[in-house]
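Below: one structure, written as structure tokens.
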Amino acid sequence: MAMLDEPLYPIAILIDELKNEDIQLRLNSIRRLSTIARALGEERTRKELIPFLSENNDDDDEVLLAMAEELGVFIPYVGGVEYAHVLLPPLETLCSVEETCVRDKAVESLCRIGSQMKESDIVDWFVPLVKRLAAGEWFTARVSSCGLFHIAYPSSPDMLKAELRSIYGQLCQDDMPMVRRSAASNLGKFASTVEQSHLKTDVMSMFEDLTQDDQDSVRLLAVEGCAALGKLLEPQECVSHILPVIINFSQDKSWRVRYMVANQLYELSEAVGPETTRSDLVPAYVRLLRDNEAEVRIAAAGKVTKFCQILGPALAIQHILPCVKELSSDSSQHVRSALASVIMGMAPVLGKDATIEQLLPIFLSLLKDEFPDVRLNIISKLDQVNQVIGIDLLSQSLLPAIVELAEDRHWRVRLAIIEYIPLLASQLGVRFFDDKLGALCMQWLEDKVFSIRDAAANNLKRLAEEFGPEWAMQHIVPQVLDKMNNPHYLYRMTFLHAIALLSPVMGSDITYQRLLPVVINASKDRVPNIKFNVAKVLQSLLPIVDSSVVEKTIRPCLVELSEDPDVDVRYFAHQAIQSCDQLMISG
């Protein structure tokens, strides 16, 4: 610590470490910049540390990225906001490097610093930096400059604002596609700071240039700008300026651009309002739903329900439903999956009659789809349909398909069905459940896949909670206890697990009279895995049964298991005995 008093020590160490060949050392020293700055004090940080960092020509991207990040939070170490401008030179250098993530981080840090600077300092220091980058010989600097205009513009006087708008316009027409891309993706941010009068003239002409760009990567970023600009303009201007562009883009020759339109169309419909959406955007949307590229259909299918909400039942049935029917038998499984994840939400929009007539057949065909994800997406949203058509109809039409899926060859589909069963049970009621689904719940306990058996045991617990201990005593407990004689030890373990889960729901008396004897009996099993699971189950039963039962029945069984030849059985038995002792002490 004594050496830290020497004024040059921290900076000398930093210089040494930043010139070291070991990247990790260089990284560590950059990440310790704030500590070094505190040791140096504000004035020496401004005069020595920052100029040194400006000249540091490290060629490792990881080090430069760390530096760009550190400098973004450096204002307190250079003396506060009035000295923030001293941080700009090193970040300006980083804005021109080749690695994109370093440039992006430098721009982010510049924006953070710029948003805290005083207006006069922005005009004196920040705006000249933006202009230098925008006029940079190397395209990387021009790319970075596009992300800074929205910080520089608001604080500038009118003449400077006009110059900045003109410079941004030139960047939108730059020779390098990367620069035009950056201009397109930042246009929304810049436009949000521009005055309304200039928005309609200057910004819209920039936007039009970008929408007609010959590079599809620029045009697709301009699509994103559509939604942002649409929200800034008055609705009638949005209809006259933005709408034609959207409709044009929805027929663009590049599928990537059409994909972006399909993704953004709902946001765009919010900008132009419901009336225009109904008259002008619906034909564009229908085109996208029938696009020849699967990716575009996927994006469009994912927005089906949101669009129906805007259109209302009549228009949705007329325009959207025919497309939905086509998509439900689309050649791409991913399109069908995207549709299945949202189609249930159409039921509340269309109402009971239309759902029964038009949607139910589509649900059924998707429930029988050969692709598991499609079936899963339908199962997980069944409650939305139940609210509309009622449980009787749901059970008649969809339940046979659900029963079929309960025996699906893909275990994830079976798992999804199991997880849905308690919800289905609460909606169907006890009588219906017993008739149709009770046997299935038991069948799953003997599934070949562990995850299914585990989920099935949890399912029994949730059903017992839903229908009460008396129902469980009649329909679940006897069947589980009978199955404890299964010849395969893995199944016997599942039934033990089910007993442990059911005990807290069933209460002390039933646990003591019916469940505990079966567990005690299992402690004499020939398989060690069963025996140490018995020890675990007995440990979990301790809080449920009376202390006399613990002393007379559970503890002797555990003592016997603690002398078992198998090391794991002895370990879990000792653990359970310790819990017994603690319970007795606290009791």
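Numbers run from 1 along the shown chain.
Each residue, glycine too, has its Cβ placed from N, Cα and C.
Note on the repeat 'HEAT' (10-48): residues 4, 56, 58, 60, 62-63, 66-67, 70-71, 73-74, 77-79, 83, 86 of its chain, located 6 or more positions outside it, place their CB under 8 angstroms from a CB of the stretch. Annotation source TrEMBL lists repeat 'HEAT' at 10-48 (among others).
Among the features that TrEMBL reports, repeat 'HEAT' is placed at 164-202 (among others). Sequence-remote contacts of a segment are chain residues at least 6 beyond its ends whose Cβ falls under 8 Å from one of its Cβ atoms, and for the repeat 'HEAT' (164-202) they are 127, 130-131, 134-135, 139, 142-147, 149-150, 152-154, 156, 209-210, 213, 215, 217-218, 221-222, 224-225, 227-229, 232-233, 237, 241.
Sequence annotations record features per position, and here TrEMBL assigns repeat 'HEAT' to 203-241 (among others). If you take every residue in the repeat 'HEAT' (203-241) and average the pLDDT, you get 77.
Annotation comment: TrEMBL describes 242-280 (among others) as repeat 'HEAT'.
Annotation source TrEMBL lists repeat 'HEAT' at 281-319 (among others).
Look at TrEMBL and you will find 320-358 (among others) tagged as repeat 'HEAT'.
Taken from TrEMBL, the feature repeat 'HEAT' covers 359-397 (among others).
Marked as repeat 'HEAT' by TrEMBL: 398-436 (among others).
According to TrEMBL, the feature repeat 'HEAT' maps to 437-475 (among others). Within the chain carrying the repeat 'HEAT' (437-475), a Cβ under 8 angstroms from the stretch's Cβ atoms is held by residues 403, 406, 411, 414-415, 418-419, 421-422, 424-426, 428, 430, 483, 486, 490-491, 494-495, 497-498, 501-502, 505-507, 510, 514, all 6 or more beyond its ends.
Positions annotated as repeat 'HEAT' by TrEMBL: 515-553 (among others). Assigned with DSSP, the residues of the repeat 'HEAT' (515-553) fall into helix, strand and coil as follows: 29 helix, 0 strand, 10 coil.
If you look up TrEMBL, you'll see 554-587 (among others) marked as repeat 'HEAT'.
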_Surrounding residues of the repeat 'HEAT' (281-319) on its own chain - C-beta under 8 Å, 6+ positions past either end_ = 243, 246-247, 250-251, 255, 258-259, 261-263, 265-266, 268-269, 272, 274, 326-327, 330-332, 334-335, 338-339, 341-343, 345-346, 349-351, 354, 358
*Taking residues 6+ outside the repeat 'HEAT' (242-280), which of them lie with a CB under 8 Å of any CB in it?*
207-208, 211, 216-217, 219-220, 222-224, 226-227, 229-231, 233, 235, 287-288, 291, 293, 295-296, 299-300, 303, 306-307, 310-311, 315
*By DSSP assignment, list the helix, strand and coil residue numbers for the repeat 'HEAT' (164-202), in that order.*
30 helix, 0 strand, 9 coil
*Could you put numbers on the helix, strand and coil content of the repeat 'HEAT' (242-280), residue by residue per DSSP?*
33 helix, 0 strand, 6 coil
*Secondary structure composition of the repeat 'HEAT' (437-475) [DSSP: H/G/I, E/B, coil]*: 34 helix, 0 strand, 5 coil
